[in-house]
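*Asks:* Quick one: this structure, given as structure tokens, is what I'll be asking you about.
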Amino acid sequence: MSDVQTCDEEQERRHLAETVQRLRAELESLDGYIDRSARTIDERKQHLWDNLRDMDFAEKANFRQDVDNSVRSVEHAATRRKRVARLLETPYFGRVDFHPDGDDQPGRHYIGVHNFSDPQTQEILIHDWRAPVSSLFYDFESGQAFFETPDGTSRGEITGKRQYKIQGGQLEFMLESTLNIGDDVLQRELSQSADNRMKNIVATIQREQNAVIRNETAQVLILQGVAGSGKTSIALHRVAFLLYRFKDTLSSDNVMILSPNKVFGDYIADVLPELGEEQVAETDFDRIASAFLDKVTDYEQFSEQVGKLIDRVDDAFAARIRYKATPEFVAELDQWITSRADEDFSPAEIKQKYHRLSIDWVTETFAEASNLPLFTRLDHLANRAVHVLKQQVRDRGGKWAASDTSGVRKQVRAMFPHKDAFALYKAFYQDPSRRSMYQPAGRRKIEYADVFPLIYTMIKTARHDNYNHIRHLLVDEMQDYTPVQYAVLRELFSCTMTILGDANQSVNPFSSSSLPIIRSIFPEADCLELRKSYRSTTEITEFAQNISRNDELVPIERHGPPPQVIGCADPADQQARILKLIEQHRDSDQRSLGIICKTVAQAEALHDHLTRAGVELTFLDYDSTTFASGVIITSAHIAKGLEFDTVIVPQADQHNYTSDIDRCMLYIACTRAMHELHLTHDGPLTHFLGFAAEPEADLAPARTGP
Ligand SMILES: Nc1ncnc2c1ncn2[C@@H]1O[C@H](COP(=O)(O)OP(=O)(O)OP(=O)(O)O)[C@@H](O)[C@H]1O
């Protein structure tokens, strides 16, 4: 190390020590304030309680207001305390020296997860990574640069840039990063073993990722990214950015994540709190379906549909799914629903208690509410009719009973042949050209492919509560949703959206949406792509590329052992090999191991066997709600979005992995591995791994590939 570097490092250590000291002082001051305020609040509450009887209304109200203000101020201090405590652990991770044009000298800007200013001087000691000036750190190397401020663009020159690894307030290392932004630190981060949950990547966000995070203008932002490109991480950082940037109008209560399942929701749950933001609400399509359909009909779950397709592809079943998975289907259904009012409504005279409302009155009243959804419109007609007739009866001294109201309602409903949205939806298939496209899944049970078309029909024909309070919606795994699901989202959420996914990772080839389809649904959207894959070693990425090639993908250069394809003599041998791999993993430095089977049933059977053999592991199925650390066994579908240090893919044989959907599952399973990948099989190896096979040795003890 040169003298200059040593001297620099000493300076940096001193700077860090000073910063830590100031943070500690602030923490103590906040602790003192919180304690004192809490005592005062208690005393005031006691005083209020003791003197309640002697106080008049205004005094009580003033007193309560005072207490409320103090409570709010303590809450504010507690939030600040949390942030300062977080900064004490790692005050900053980067520094950028920027010399604005026209200034005498450059300013040094340290960048961390939060802002921190000296309470006395108000000097900014640490800039939040989302602050405008911090974009210099992510977007530029040395030389000319600029950033946007509320007063316009600030131009100048970056004269230096550094990255730090600080843990427990101690400097572990620092790097000049003027030339190769983040490469060293990024490599170190990526080669670490996985904690049990997703972590923040704020110190190593890459330029193309930063463009996604900081896009402020898109109403809808579609992010297509290859497996492991950081889509989910970036989308969560984007939410944190938007919460910071629009803090006056957007709070965590106004943001919702639509995630593929509950385990995934739990897996990502730490990221926003780590970034100093509150957790945001989460939902998934199952919950939306349940809210609409639980009182209407039984229905298949998405997992059941995927399960059926994995077991055996029935052509008629696949044709029904395909038909309902196109934008044309949504247009056809929409058009059909819209024309029902004109084609199926037959106005008739309404009679009750010797009073009548003419056909003309009915026609006019129905027409005047043409902006309402169909069933709401019929209700409007019935309400108006009840109102007018009741008035007439009462004017003549008569009495109006509840049975009269229901009599009128019945007559109005009789003017329209479909009793509710479900009946209407089924009527859509009475057209001979569509008859074969509707098939109940059982007695009063509909197929999954009908779930969202039915919900769409319900939304289009009657008023429903929607998510008006949500101002930003994040949709993950976009490729797994059909156009009609997007149509439902459009009706329910009138807010900005970030939609992300990977067309290569669909779990259902019959109903997945390609990027052009999603783009056609959101023509106003900004579309961005992430092509660099960060998760896996180069060897694992290349192996997965051979299963399902994506020419867009650029692997990051990080090396590890080649994936291992292990041929076994029989099922017992295969189980013994898997046990051995688990043992090997236990003795290694790695933390997480995912055993990823093709189906939940296969995972369950292997789980039972491994548990009997004394292995401690967690089985995740569709009902699981929490992600666990250590060894996990699950299916490829559930493992979507998750990652593990090591992955074992059992039963990689030709019998198990044959169809297109199987290829998707195998691809998803392999791309979950960060550092090591092992595949086991007895019987002939699946042809999807043909590139890794050695011709003569199907039952050979162990092979490596590719
Ligand atoms: N800039 C970065 N710095 C450090 N790690 C990164 C960066 N970008 C991505 N990663 C890491 O790459 C891995 C994959 O990220 P993430 O799960 O967000 O990707 P994804 O595109 O959603 O993956 P998939 O679609 O395959 O589930 C994570 O371990 C993440 O921390």
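Residue numbering: from 1, along the chain as shown.
In case you wondered, yes, glycine gets a Cβ from its N, Cα and C as well.
Model, not experiment: these values are computed from the prediction.
Residues or ranges marked as ATP binding site by TrEMBL: Gly225, Val226, Ala227, Gly228, Ser229, Gly230, Lys231, Thr232. For 204-537, the entry in TrEMBL reads domain 'UvrD-like helicase ATP-binding'.
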*Asks:* If you draw a 10 Å sphere around the Cβ of Lys231 (ATP binding site), how many other Cβ atoms fall inside it, taking every protein chain shown into account?
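*Replies:* Summing over all protein chains shown, Lys231 (ATP binding site) has 24 other Cβ atoms within 10 Å.
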*Asks:* Beyond Gly225, Val226, Ala227, Gly228, Ser229, Gly230, Lys231, Thr232, what residues of that chain have CB atoms within 8 A of the centre of the ATP site's CB atoms?
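*Replies:* My list of surrounding residues reads Asp502, Leu530, Ser533, Tyr534, Arg535.
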*Asks:* May I ask you to report the DSSP-based helix, strand or coil state of Gly225 (ATP binding site)?
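*Replies:* Note: Gly225 (ATP binding site) is in a strand by DSSP.
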*Asks:* Looking only at Cβ atoms, how many others are within 10 Å of the one on Gly230 (ATP binding site)?
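*Replies:* If we count other Cβ atoms within 10 Å of Gly230 (ATP binding site), we arrive at 23.
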*Asks:* For Ser229 (ATP binding site), which residues in the same chain are close in space, meaning a Cβ under 8 Å from its Cβ, but six or more apart along the sequence?
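*Replies:* Set apart from Ser229 (ATP binding site) by at least 6 residues yet with Cβ under 8 Å, we have Asp502, Leu530, Arg531, Lys532, Ser533, Tyr534.
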*Asks:* I'd like to know which of the binding-site residues listed (Val226, Ala227, Ser229) lie near ligand 1, counting only a CB under 6 Å away.
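*Replies:* What lies within reach of ligand 1, judged by Cβ under 6 Å, is Ala227, Ser229.
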*Asks:* Mean pLDDT for the domain 'UvrD-like helicase ATP-binding' (204-537), rounded to an integer?
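*Replies:* The answer is 92, the mean pLDDT of the model over that range.
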*Asks:* Validating a neighbour-count step here. Other CB atoms within 10 A of the CB of Val226 (ATP binding site): how many?
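*Replies:* Around Val226 (ATP binding site), other Cβ atoms within 10 Å: 27.
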